[in-house]
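Taking it in order: structure first as structure tokens, then the write-up.
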Amino acid sequence: MERNVILAKNAGFCFGVKRAVDEAIKYQKEFGKKIYTLGPLIHNNDVVNYLEDNDIFAIELSDADSLKKGDVVLIRSHGVKESVIKDLTDKGLIVKNATCPYVTNIQLKVKKCYEQGYKIIIVGDENHPEVIGINGWCNDSAIITNGKTELENIPAKVCVVSQTTEKKETWNKVLNEIVRASKEIVAFNTICSATDVRQKSVQELSKEADLVFVIGGKNSSNTTKLYEICKKECPKSYHIENVKELDESLLEDESVKTIGITAGASTPDWIINEVISKIKEL
């Protein structure tokens, strides 16, 4: 049966993720030895395995004590607390920073406003490494909200920023709450422009498609948000990590004429292409 397969615009690697992967490979070749990243460089198991094959290994911050002077540590695109960079440098480690420039921009805004006496509010997931890192630039004092519960005791003077992969509707909801409660507000919509474009693109795609596959790591925040957006418009939306998770029985439904494909910011082209090729084979 002939089907129309549509790939969403801007699917796959974003600028910050591609930059981090390229930097990791470059530094491994430059130093000619194992290098280490604080946490998985990106939230995609297939890419993490590829990096390990190239002597690039993820470690937790607690493991840094076991590293030797002169070992190379790469800060991933999510960024880290300001204190972490100093601690690693003080240990005699060679620290290379691949924090996404958009995240660095948030960190510096937060630091400046915190020093000016603003209470920082971060719209995002309190357990996400990007948010944990940003919070470290205001002495871990931020109020962090995912928009699912109303904020209480909002201070009169606040600075509001967002996790780069947050949904626009969540940002708007939280900001409306704050506007009603605070007298002095500095708000920076720090949702990455690529994230915004990607989310709008999949919203349109899922309206058009009968079935949607969202490709990306199950631990990827931005992929999960894309899946949530798709599911609202197209009930037959499925989050898969790679072609191995493609449920072929879903393609036996004769009512499915148009299949939409999108992918998170941590999903490389080769994984996307494998899924598309498999669908076209069936």
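Just so you know, glycine gets a Cβ as well, placed from its N, Cα and C.
Copied over from Swiss-Prot:
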BINDING   Cys14, Cys100, Cys192  [4Fe-4S] cluster binding site
BINDING   His43, His78, His128, Ser220, Ser221, Asn222, Ser266  dimethylallyl diphosphate binding site
BINDING   His43, His78, His128, Thr164, Ser220, Ser221, Asn222, Ser266  (2E)-4-hydroxy-3-methylbut-2-enyl diphosphate binding site
BINDING   His43, His78, His128, Ser220, Ser221, Asn222, Ser266  isopentenyl diphosphate binding site
ACT_SITE  Glu130  active site, proton donor
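Ser221 (dimethylallyl diphosphate binding site) sits 13 Å from Cys14 ([4Fe-4S] cluster binding site), counting Cα to Cα.
Cys192 ([4Fe-4S] cluster binding site) has its Cα within 10 Å of the Cα of these binding-site residues: Thr164, taken from His43, Thr164, Asn222, Ser266. Counting every protein chain shown, the Cβ of His78 (dimethylallyl diphosphate binding site) has 29 other Cβ atoms within 10 Å. For Cys100 ([4Fe-4S] cluster binding site), the count of additional Cβ atoms within 10 Å of its Cβ stands at 22 [all protein chains shown]. For His128 (dimethylallyl diphosphate binding site), the Cβ neighbour count at a 10 Å cut-off comes to 21, with all displayed protein chains included. Under a cutoff of 8 A between CB atoms, and with a sequence separation of 6+ in the same chain, the neighbours of Ser220 (dimethylallyl diphosphate binding site) are His43, Asn44, Gly264, Ala265, Ser266, Thr267.
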